[in-house]
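Positions annotated as transmembrane segment by TrEMBL: 25-45, 78-100, 120-142, 219-243, 278-304. According to TrEMBL, the feature domain 'Palmitoyltransferase DHHC' maps to 172-314.
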Amino acid sequence: MFGGGTPELSAESYPDKRNIPRMDFLVLFLLYLALVLLGFVMICIGSKTHYLQGLISRGAQIFSYVIPERLQRAMLRVLHYLFHTRNYTFVILHLILQGMVYTEYTWEIFGLCQQLEFSLYYLFLPYLLLIVNLVFFALSCVTNPGTITKANELLFLQVYEFDEVMFPKNVRCPTCDLRKPARSKHCSVCNRCVHRFDHHCVWVNNCIGAWNTRYFLSYLWTLTASAATMAVVSTVFLVRLVVMSDVYLQTYVDDLGHLQVVDTVFLVQYLFLTFPRIVFLVGFVVVLSFLLGGYLCFCLYLAATNQTTNEWYKGDRAWCQHCPHMARPPAVEPQAYRNIHSHGLWSNLREIFLPATARYERKKK
């Protein structure tokens with residue numbers, strides 16, 4: 001595949017580096033990976049503060065002077081449709097991306113790994129994870145998240161204690177005209193109040209609430225595991241190719257006519273030129289594994305501490321919203337929000353994976 005022996009590689013087989021001597025594929029890819037991860041961390045941390053919101057607002061003001069008004073209105077309509085109305089755009093996009101990744105894995109990596117006598121258990125593991133993932137993906141899409149109605153309003157009011165800070169008593173939803181149980185929220189996208197509301201996920205086109213959080217966590221875990229497994233199998237395949245061909249022991253002639261030993265940068269670019277789709281797939285699933293893994297850890301932290309994304313986001317400002325700044329004495333420090341719903345790790349997890357209200361609803365039916 002690489003050829004036997006240790007022949008010298010000519011300068012023509014190596015990408016021209018006279019204009020940008022060191023800004024090659026590997027450096028650009030690592031820079032891209034760092035920027036993506038940095039942006040993801042900034043969004044996760046900064047979204048809880050007014051600072052990021054201020055930056056976004058100022059950026060929107062700057063762009064408003066550059067982009068024509070008609071184009072701005074069109075962009076706002078598209079964004080409103082994508083993120084503020086129920087639609088299947090991201091569901092379809094999710095399935096397309098997943099199909100493209102598994103098609104490439106089946107078309108090239110699976111067959112080549114069989115030639116290199118990889119264990120079939122490792123090769124079939126991504127398919128097993130895909131099947132399980134699609135089951136939980138479908139359940140996350142179609143399961144009732146815990147919609148509050150006139151029939152179950154009294155039941156939900158008894159589930160959680162009101163903390164009188166983030167969730168005060170006797171508050172009615174102006175849209176649904178229902179009393180709001182503790183930990184509930186009205187979803188403007190689905191136009192309904194949801195019990196133990198976490199967030200609205202565009203990828204499953206559904207709210208994540210008390211009755212489907214377990215499915216969403218299982219979907220997220222299997223998706224992360226499938227991406228990581230595919231990344232490991234693909235990376236091991238490329239490493240084994242390099243080791244078997246001894247290409248790392250070869251030399252090449254650079255643009256100045258000097259004999260150079262193959263280094264990591266050259267090796268990655270050589271693999272990219274030889275197997276461009278596989279290397280691109282490896283880069284994609286590696287980035288995806290980092291992003292999904294970080295988000296999964298965040299969701300597991302919320303589950304272990306019995307918080308929702310909505311409560312985490314609003315937690316630091318709950319006391320300030322309840323007690324206006326002007327009403328507090330200047331010397332009194334604002335109190336931090338205290339989570340009264342956490343009752344230990346196993347109780348918190350049991351509450352998510354065995355919601356009592358869901359069992360009660362099934363018995364009643």
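Cβ atoms here come from the backbone N, Cα and C positions, even for glycine.
Unlike curated records, TrEMBL annotations are generated automatically.
What you see is a predicted model, and the numbers here were worked out from it, not measured in a lab.
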If I count Cβ-Cβ pairs under 8 A between the transmembrane segment (120-142) and each of 78-100, 219-243, 278-304, which range comes out on top?
219-243
What counts of helix, strand and coil residues does DSSP assign across the domain 'Palmitoyltransferase DHHC' (172-314)?
82 helix, 20 strand, 41 coil
Could you tell me the mean pLDDT the prediction assigns to the domain 'Palmitoyltransferase DHHC' (172-314)?
89
